[in-house]
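Structure incoming, see below.
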Amino acid sequence: MKIGVLGGGAWGTALAQVAARGDQPVTLWAREDDVVTSVNTRHENSSFLPGVPLSPAIRATSDLADLSDCDALLVVVPAQFLRAVLSQLPAGNRPLVLCAKGIEAGTQKLVAEVARELHPDAPVAVLSGPTFAHEVAKGLPTAVTLACEDEALRDALADRLGSATFRTYGSSDVAGAEIGGAVKNVLAIACGVVEGAGLGLNARAALIARGFAEMTRFGVARGGRPETLAGLSGLGDLVLTCSSTNSRNFSLGVGLGQGKAASELLADRRTVAEGAATAPVLREAARAVGVEMPVTEAVCALLDGTPVRTVVDALLARPMREEAR
Ligand SMILES: NC(=O)C1=CN([C@@H]2O[C@H](COP(=O)(O)OP(=O)(O)OC[C@H]3O[C@@H](n4cnc5c(N)ncnc54)[C@H](O)[C@@H]3O)[C@@H](O)[C@H]2O)C=CC1
Ligand SMILES: O=C(CO)COP(=O)(O)O
């Protein structure tokens with residue numbers, strides 16, 4: 001199975017490295033010419049994944065037509081740009097493995113839903129979990145959820161991508177796998193705020209637990225299964241992203257917690273913090289299905305410029321209630 005990767009950011013590059021294990025040929029599509037040149041000449045993505053040597057079996061291109069000989073595509077374009085890129089991809093029935101984490105603004109669609117709309121003949125899978133790109137690219141041990149309704153395809157993808165250091169755990173719950181990844185980015189911003197504002201480790205643990213409760217409520221309302229949300233793509237990724245400044249979302253939250261404006265923190269950046277785009281969409285999507293998401297609402301308020309103290313006071317003033325509700 002020849003693998004193509006759509007998206008030459010940190011995660012697309014790390015996944016190309018995974019797929020190139022044993023020097024199997026991989027085509028990596030990137031929109032930036034400097035990324036293509038850097039990967040092809042120096043075997044490094046100096047823009048998005050500097051300092052990690054890449055397999056020479058990875059060939060980068062900025063021409064989507066060069067993906068025509070690939071049997072399956074890993075789709076790693078940030079959620080808000082996915083529609084534009086997938087619209088340019090010729091129609092076909094090759095499997096699309098969605099690896100980005102977000103919800104599309106305007107449509108409230110999850111990334112696999114966007115893929116199904118634009119490429120109805122292509123089977124979809126979702127690969128998601130606690131996966132900092134630089135660790136994966138260096139071959140450090142990692143485990144992910146690989147969700148696909150078609151069991152034979154799921155097994156084939158697991159065979160092709162999985163290894164001792166990149167362990168795939170299969171699931172048929174596509175919606176559950178992608179909801180965990182999308183929601184945890186928003187919750188990671190909240191945990192960063194706790195750090196930046198110096199609110200302490202108790203507060204962060206409380207936020208992770210209550211954040212997981214709201215992730216589960218929303219995930220189940222959108223058709224995901226609770227056990228998927230409690231797995232690698234949900235709780236696993238939530239724990240990773242909520243505990244490290246290696247996370248762009250957590251780091252954004254640290255800045256917000258220190259009183260910096262979102263506009264300042266998001267200006268001129270080349271890398272994505274998906275949670276900033278997902279938060280307002282998630283708030284609307286949750287309201288649409290009647291699910292309460294107070295942490296998400298708080299992140300939206302902070303991104304809109306409400307002072308940290310006001311937002312924290314409002315969260316702490318919420319009525320105390322039964323934990324299981
Ligand atoms: N970096 C990581 O450790 C992980 C990232 N992800 C997810 O993977 C997705 C991609 O993130 P990264 O690879 O980290 O990105 P990145 O932050 O390293 O790079 C930004 C990416 O956005 C693309 N981009 C910017 N403007 C664009 C446009 N107008 N049209 C199309 N693409 C555009 C760039 O080409 C580049 O590929 C995100 O959804 C992220 O949440 C998932 C797991 C791990
Ligand atoms: O999704 C990730 C790890 O699983 C990466 O998180 P950030 O996008 O916050 O860096």
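Every residue gets a Cβ built from N, Cα and C, even glycine.
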Lys101, Gly129, Thr131, Lys184, Ser247, Arg248, Asn249 show up in TrEMBL as binding sn-glycerol 3-phosphate; which entry in Asp121, Asp237 does that record put in the same site?
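Record check against TrEMBL: sn-glycerol 3-phosphate site with Lys101, Gly129, Thr131, Lys184, Ser247, Arg248, Asn249, extra candidate from Asp121, Asp237 is Asp237.
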Do you know which of the binding-site residues Asp237, Glu274 has the most other C-beta atoms within 10 angstroms of its C-beta?
Asp237
Suppose we screen the binding-site residues Trp11, Phe81, Thr131, Ser247, Arg248, Asn249 by Cβ distance to ligand 2 with a cut-off under 6 Å; which survive, in sequence order?
Thr131, Ser247, Arg248, Asn249
Using DSSP, would you call Gly9 (NAD(+) binding site) helix, strand or coil?
coil
Cα-Cα, whole number of Å: Arg31 (NADPH binding site) versus Ser247 (sn-glycerol 3-phosphate binding site)?
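Cα-Cα distance, Arg31 (NADPH binding site) to Ser247 (sn-glycerol 3-phosphate binding site): 23 Å.
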